[in-house]
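Novice: Following this message is one structure expressed as structure tokens.
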Amino acid sequence: MKVLALRHSVAQVYADTQIYTHDETKDDYENAFLISNLTTHNILYLNYSVKTLQILNKSGIAAVEIQKMDELFTLIRCNFTYDYIEDIVYLHDYSYYTNNEIRTDQHWVTKTNIEDYLLPGWKLTYVGYNGSDTRGHYNFSFKCQNAATDDDAIIEYIYSNELDFQNFILKKIKERMTTSLPIARLSNRVFRDKLFKTLVSDHSKVVNVGPRNESMFTFLDHPSIKQFSNGPYLVKDTIKLKQERWLGKRLSQFDIGQYKNMLNVLTTLYQYYDMYHEKPIIYMIGSAPSYWIYDVKQYSNLKFETWDPLDTPYSDLHHKELFYISDVTKLKDNSILYVDIRTDRENMDWKTWRKIVEEQTINNLNIAYRYLSTGKAKVCCVKMTAMDLELPISAKLLHHPTTEIRSEFYLIMDIWDSKNIKRFIPKGVLYSYINNVITENVFIQQPFKLKTLRNEYVVALYALSNDFNNREDVIKLVNNQKNALITVRINNTFKDEPKVGFKDIYDWTFLPTDFETNESIITSYDGCLGMFGLSISLASKPTGNNHLFILSGTNKYFKLDQFANHMSISRRSHQIRFSESATSYSGYIFRDLSNNNFNLIGTNVENSVSGHVYNALIYYRYNYSFDLKRWIYLHSTNKASIEGGRYYEHAPIELIYACRSAREFARLQDDLTVLRYSNEIENYINKVYSITYADDPNYFIGIKFKNIPYEYDVKVPHLTFGVLNISNSMVPDVVAILKKFKSELFRMDVTTSYTYMLSDEIYVANVSGVLSTYFKLYNAFYKEQITFGQSRMFIPHITLSFSDKKVVRIDSTRLNIDFIYLRKIKGDTVFDMAE
């Protein structure tokens, strides 16, 4: 949902939009909670409170102040990510298709011939890093830029088996126009940028597990971050390959040679970062014009020095000349070298050309060896061709996508590799590598071992759920890693499947109860965003491709109502109850009936079950930003930090009742996952709360009324307001609590409206209006370790007779309290109080 805050109402009516006017009788937290549970996507928030907007944004719900009508029109028609700290709106708006254009934030693409293959009459537009060049389009009171691009489709095309780009991009645009927006993917770059800047400033050592190409720009300015990936393809790994011949295959209609060069250099750069944790000088020989340098410089102040007879406009220092092996002495330590020398074929015959290429390959290799033979802190990437070669067994092979698969590949070496054992590799084996292997990632660092790191902050986004990891080892890492942000795939199945297929892999699935964490926040993507100064207009959908975000070591853990809080917890329930169900009271009715409470009068205002916990369980797929386990734990230890709001603390027994209702719901829905989740949450409640039951009571609290509107034959009709199992020495403690609650007890609006047979020969009158105070009293006794209440649900009633009687129904009648007392069962009254 998105909340657009206005000082005045608007005349125009928008689809899927609801107006909420700030309620001055409620505080900012209560207003935020009410807004978050509205069911439309767009909320126009009138007479708004800035504090309420802050609360919503911290909860991951985008809430933006609107000053002008064009701001409202722009934000209401598309989704966006909001940096509420810097007041920047990142639109995810593809309406630019109506200008017959596709967009990119990678400058090198604009220098290709891609426009020859676009839809007729269409053009390509460069919009800058995260759409920064579009800021001039929006003259708004907040900073605004459109981060939507078609780079995802362009890159997917490059790695696909499709050659016809026009058909491919047409298909992708049609898909985008007919499917739900992949909002997490669109906002992810904004999130990653913010995340790692924050972590690097707060932690001396940061480890990142499983980065992919979409992060290749994110880490350019963070050389200190240790990366773990799937490892490199080494020269020695070619021993598994059979010999093949030249294949020759076109991968792309437009020229992607620059993309290949950029990937080669970035792969080399991240190898250098992995070894030396600082920024090097980047030397490049050949590969002009290297327009992609412009892209790199949008993210980092890396320095480039280049040699090529052709211009390289974005190099910091360009030598418009050839580079010879004697020039290696000009190259300094603390650097990387990219050797991409290859003479143009022009009109040469194949044999002459092949001879020159092989000579240049040897020359390239010699330049690399010479460069690595002296000095320190050096890594080299060199262009090679398929030919009989001796190569260091530990050197890394690269074959990033290029326009045509021919005979070229690349080799990365560091100083140690260049001096390592060399192995003869036949030309046919290298052709086999070229024909069958595409390097899919610029991060080729070693795989991560699932072991706790003592001094590091571990980030593992979408990296650990794969079933080649041991599931128990993943759980141990989450439980024991002190500082971390780790995601795992949430179990969205209805049959409690332990793993699910996704694309061409299988992932383990998890529930929050799989983890034993007492100082970690377990939330959703949008809940996590709120903790890093971001919010989002479109919450995650229960697609099956959803992840739990687990933050360990965060200073926000105790701020229960500020982050990963209960905002939107009733939203799915409202959507169902007010559109599909038998009555809008269906949730209240079901919760009472499933706990054998058949008095449904006033069930919507006096419910005996925690609606928060019930909704968090049965609708967990729709809203798991609320960290239910943390909420339970912090209340059980009395450590919850509550900033504001009319905050009701549930008695632990109310939580148990909610689990029982959720379990019944799961059985009716044949939802095995919710069934397990409910059982495990109930077990967790019993673990963190020391709940004892007065199933063998020796004292009870009684309430005698001045008026009973029914006939009765018992001596003193009364409401048993709970039973206790206490020693005689604890009586003063019980009395002290009753005195503390005196005012609230006598203020109860107690009513009755019918009689019924509670069981054989027990004739009773119903009592309404007491449950809320009962549970507050329960909490007070619990905190003093006084056993109060039974394991079965408390059903308030007044016993009228121990014989069968006819049921009577009357108009709701108020019962006036005469006095309240504490009495020993089959004994004397030890305390009483009147108003």
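Glycine residues also receive a Cβ, built from the backbone N, Cα and C atoms like all the rest.
Take a look at what Swiss-Prot says about it:
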type     : residues : note
ACT_SITE : His718   : active site, for 2'-5'-phosphodiesterase activity
ACT_SITE : Thr720   : active site, for 2'-5'-phosphodiesterase activity
ACT_SITE : His797   : active site, for 2'-5'-phosphodiesterase activity
ACT_SITE : Thr799   : active site, for 2'-5'-phosphodiesterase activity
REGION   : 171-245  : region 'N7-methyltransferase activity'
REGION   : 246-428  : region '2'-O-methyltransferase activity'
REGION   : 429-555  : region 'N7-methyltransferase activity'
REGION   : 556-692  : region 'GTase/RTPase activity'
REGION   : 693-835  : region '2'-5'-phosphodiesterase activity'
Novice: If you skip the near sequence neighbours and keep only those at least six away, which residues in the chain come within under 8 angstroms of Thr799 (active site, for 2'-5'-phosphodiesterase activity), Cβ to Cβ?
Specialist: Val714, Pro717, His718, Leu758, Ile762, Tyr763, Val764
Novice: For His797 (active site, for 2'-5'-phosphodiesterase activity), list the number of other Cβ atoms lying within 10 Å of its Cβ atom.
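Specialist: I count 19 other Cβ atoms within 10 Å of it.
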Novice: Which secondary structure state does DSSP assign to Thr799 (active site, for 2'-5'-phosphodiesterase activity), in the simple three-class scheme?
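Specialist: The three-state answer is strand.
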Novice: Using DSSP, how many residues in the region '2'-5'-phosphodiesterase activity' (693-835) fall into helix, strand and coil?
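Specialist: Helix, strand, coil within the region '2'-5'-phosphodiesterase activity' (693-835): 32 helix, 57 strand, 54 coil.
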Novice: What is the number of residues in the region 'N7-methyltransferase activity' (429-555) that are helix, strand and coil, as DSSP sees it?
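Specialist: Counting residues by DSSP class gives 27 helix, 34 strand, 66 coil.
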Novice: Other than its own, how many Cβ atoms are within 10 Å of the Cβ belonging to His718 (active site, for 2'-5'-phosphodiesterase activity)?
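Specialist: The answer is 21 other Cβ atoms.
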Novice: Counting across all protein chains shown, how many other Cβ atoms sit within 10 Å of the Cβ of Thr720 (active site, for 2'-5'-phosphodiesterase activity)?
Specialist: 17
Novice: Would you list the DSSP helix, strand and coil counts for the residues of the region 'GTase/RTPase activity' (556-692)?
Specialist: 67 helix, 2 strand, 68 coil
